[in-house]
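Participant: Before we start, here is the structure in question, set down as C-alpha cells.
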C-alpha cells in the first residue's frame, strides 16, 4: 500500500467502523446488560450485593487496565491477530463461568479471563479507527459506539428471557457463543499505511512524553472520575427497581429504554462533535454534567413516568459523552500517539471501573437502598466534568480552526514539524 501523509477519512475505514460497531456491542453491550444476572448470582450463591458487584467490576478493570498490553501487542503484530485472540479469550471466560460453583470462579472466569479478552479487542480497534479518520472522527466514533446502545436495548430483555428458560448457567453458555463473534470482527481490521513521523519515537519515548503531558494527565483523571459512576445504572438499576416492587421483566425493559436513548445520543453527539466549531471538550463537559445530574435524580423518582423520563435522559447524555471522550484524545496527543495514549488512558481509568460498582454495592448494604449509590455516582461524574474545564482552549473563542495536533501536521505534509520536549509539557 502507498503510504499516506494523512488519514483517508473513509475507504476501508468504514469497514473498520462496522467491525468496531459489533465489537462495542459484544463487549460493552454485554457489560451493560450484566445487571440482569446480578440478582440471579445473589440468589444462587447467597452473597451480599457488594461481593457480587466485584464480578463486573473486575471485568471492567481488567479490560481497561490491560489495554496497554493490547496496544503494545497491536503495535508489534498489528491489531488483527490481537483482537482475534481477545475474542477467543472472552468466549472462553463465559464458557467456564457457566460451570462456576462459587463467586471466586466467576471472578476468575468472567472478571479475569473475559476481561483480558475485552482488553485485547476494544483499544486496538478504536485506535485503528482513529487512524482512518480526521475531519469525521467524531461521527465515525459515534457510529461505531452505537453498537453499545443497540446491544443494550436487545441484550437486557434477551438475557432476562434466557434466564427464564435456561437459568443462568445455560444463559452464560449462549453469551459465550455470542462473544466468539469477536474473532470475525478482528479479521476485518486493516490499519492504514501512514507515513512515519520521526518525532513520535518508540513506545518508551511516547510513554515518557505522555507522562509529562499536563493536559493528557488531567484528562485521564477526569475520565477516571467519570468512569467510577458511569456503569452504576447498568449494574444496579434493575435491582433498584425491584426494591420499588417492579417485576423483573419491566425493570429489564427500562434498561432497553435507556439503551434506545443511548443510541440516539451517540449519533447526535458524533454529528455535533464534527459540526459545532470550537473544542470538542465543551460538548463533552455538557453531556457529562447532564449525566451526573440525571444519575443523582434517580432515587428521587418513584412514579413509573418519572423513572422512564430519567432513563431516557440518562441514556441520551451518557451515550452522547462516549464518542466525544475518545475524540478528544487525538486532539490532545495526535494520531501518531493514539495507540499508546488510548492504552494508557484505559489503564488509569480502570481504577474507577474497579472501585465504582463495589462502592455502590457497599452503600446499598449499609443503607438498605440504592439512594446513596446513585447520588455518589452522579457526584463522581460532576467532579470529572469540572476537571474538563482546565483543558487547553476550553474558554477560547469559537473558531473554525481547532488545535488538533494531527491537523497541524497533515495540512503541510512536506514539512517535518519537530515536537520539542517543552512543547509536550505545555498546558
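Glycine too: its Cβ is placed from the backbone N, Cα and C atoms.
Please treat TrEMBL annotations as automatic predictions, because they have not gone through curation.
Pulled from TrEMBL, these are the listed features:
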- 13-402: domain 'Major facilitator superfamily (MFS) profile' (DOMAIN)
- 12-31: transmembrane segment (TRANSMEM)
- 82-100: transmembrane segment (TRANSMEM)
- 106-132: transmembrane segment (TRANSMEM)
- 139-160: transmembrane segment (TRANSMEM)
- 216-237: transmembrane segment (TRANSMEM)
- 249-268: transmembrane segment (TRANSMEM)
- 280-300: transmembrane segment (TRANSMEM)
- 306-326: transmembrane segment (TRANSMEM)
- 371-395: transmembrane segment (TRANSMEM)
Participant: Between the transmembrane segment (306-326) and the transmembrane segment (82-100), are there at least three Cβ pairs closer than 8 Å, leaving out pairs fewer than 6 positions apart?
Facilitator: no
Participant: Which residues of the chain, 6 or more past the ends of the transmembrane segment (82-100), have a CB below 8 A from one of its CBs?
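Facilitator: For the transmembrane segment (82-100), the list is 23, 26-27, 70, 73-74, 106, 108-110, 112-121, 124-125, 169-170, 172-173, 175-177, 179-187, 189.
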Participant: For the transmembrane segment (106-132), which partner among 139-160, 216-237, 249-268, 280-300, 371-395 gives the most CB pairs under 8 Å?
Facilitator: 139-160
Participant: Against the transmembrane segment (139-160), which of these stretches has the most C-beta pairs under 8 Å: 216-237, 249-268, 371-395?
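Facilitator: When the Cβ pairs under 8 Å are tallied, 249-268 comes out ahead.
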